[in-house]
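Taking it in order: structure first as structure tokens, then the write-up.
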């Protein structure tokens with residue numbers, strides 16, 4: 001029986017052919033060209049977005065530390081998984097995403113959407129933690145279903161975004177949400193294409209759609225983070241007015257969005 005750390009012991013294998021360009025890297029493009037690119041470029045950019053939201057306290061120091069750590073894990077574990085296609089790598093790749101989502105939900109989920117039985121953020125932490133532990137244990141039952149379950153969480157996030165947009169009149173926020181959804185739609189299309197139409201892409205010698213997924217979902221996350229921060233400030237810091245900005249300029253086709261805080265003038 002092969003070790004759970006052995007190469008190609010995972011239950012999932014993506015469309016890209018294995019060990020074609022390297023004797024030690026199973027899926028070369030999924031590992032080097034896209035996971036590394038997404039990890040080295042987009043994760044630090046999200047760090048800047050989180051740091052920019054901190055003063056005067058859009059989210060606490062502890063929350064930022066947790067989120068930064070968990071933003072690093074999916075990139076690292078994804079690289080390890082696609083390099084080895086090991087069973088352990090598969091679980092770490094999937095569970096790191098689950099844990100990152102759990103941390104984000106714990107800190108940023110609006111209190112107005114809490115279940116009626118949950119009265120405080122502390123109680124919600126316990127609920128999220130218990131759910132995460134149960135989900136982590138269940139992920140060992142049928143690992144091939146984990147990726148589908150994780151992708152389904154995106155629909156809940158899109159539903160929450162839609163509800164928040166109904167209460168927001170800022171055109172910048174609506175535009176950022178539209179761009180985020182566009183990148184996500186392209187990403188999930190690439191993921192499904194690689195999973196379900198592999199025979200077609202291999203026939204035309206272009207089995208690289210999962211590598212596109214890595215870059216596209218990272219782009220979506222780059223717009224998702226400031227959007228979540230914007231809504232969080234509206235709930236947690238009502239005395240401040242959040243404003244979306246773009247670096248380096250609004251006119252650029254690809255930009256880094258971030259949130260600034262404006263303290264409204266007090267009326268006499």
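Our numbering is plain: 1 for the first residue shown, then up by one each step along the chain.
Cβ coordinates are placed from backbone N, Cα and C, and glycine is handled just like the others.
Straight from TrEMBL, the features:
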type	residues	note
BINDING	13, 14, 16, 18, 27	Ca(2+) binding site
TRANSMEM	65-83	transmembrane segment
BINDING	82, 210, 214	Zn(2+) binding site
TRANSMEM	95-112	transmembrane segment
TRANSMEM	124-141	transmembrane segment
TRANSMEM	147-162	transmembrane segment
TRANSMEM	174-192	transmembrane segment
TRANSMEM	212-233	transmembrane segment
For the Ca(2+) site built from 13, 14, 16, 18, 27, further residues of that chain with CB within 8 A of the site's CB center:
15, 17, 26, 30, 82, 85, 207, 210
Between 82, 210, 214, which of the binding-site residues has its C-beta surrounded by the fewest other C-beta atoms within 10 Å?
210
Under an 8 Å Cβ to Cβ limit, what residues of the same chain, 6 or more beyond the ends of the transmembrane segment (174-192), are close to it?
151, 154, 158, 161, 165, 168, 209-210, 212-213, 216-217, 219-220, 223-224, 226-227, 244, 257
Counting other CB atoms within 10 A of each CB, which of the binding-site residues 13, 16, 27 comes out lowest?
13
Are there residues of the same chain, six or more positions away from residue 14 (Ca(2+) binding site), whose CB falls under 8 angstroms from its CB, and which are they?
27, 30, 82, 194, 195, 198, 207, 210
Below 8 angstroms Cβ to Cβ, which residues of this chain, lying six or more residues outside the transmembrane segment (124-141), approach it?
91, 94-95, 98-99, 102, 105-106, 109, 111, 114-115, 118
About how far apart, in whole Å, are the alpha carbons (Cα) of residue 18 (Ca(2+) binding site) and residue 214 (Zn(2+) binding site)?
18
Rounded to a whole number, how many Å is the Cα of residue 13 (Ca(2+) binding site) away from the Cα of residue 214 (Zn(2+) binding site)?
15
Pairwise Cα distance for residue 16 (Ca(2+) binding site)/residue 214 (Zn(2+) binding site) [Å, integer]:
14
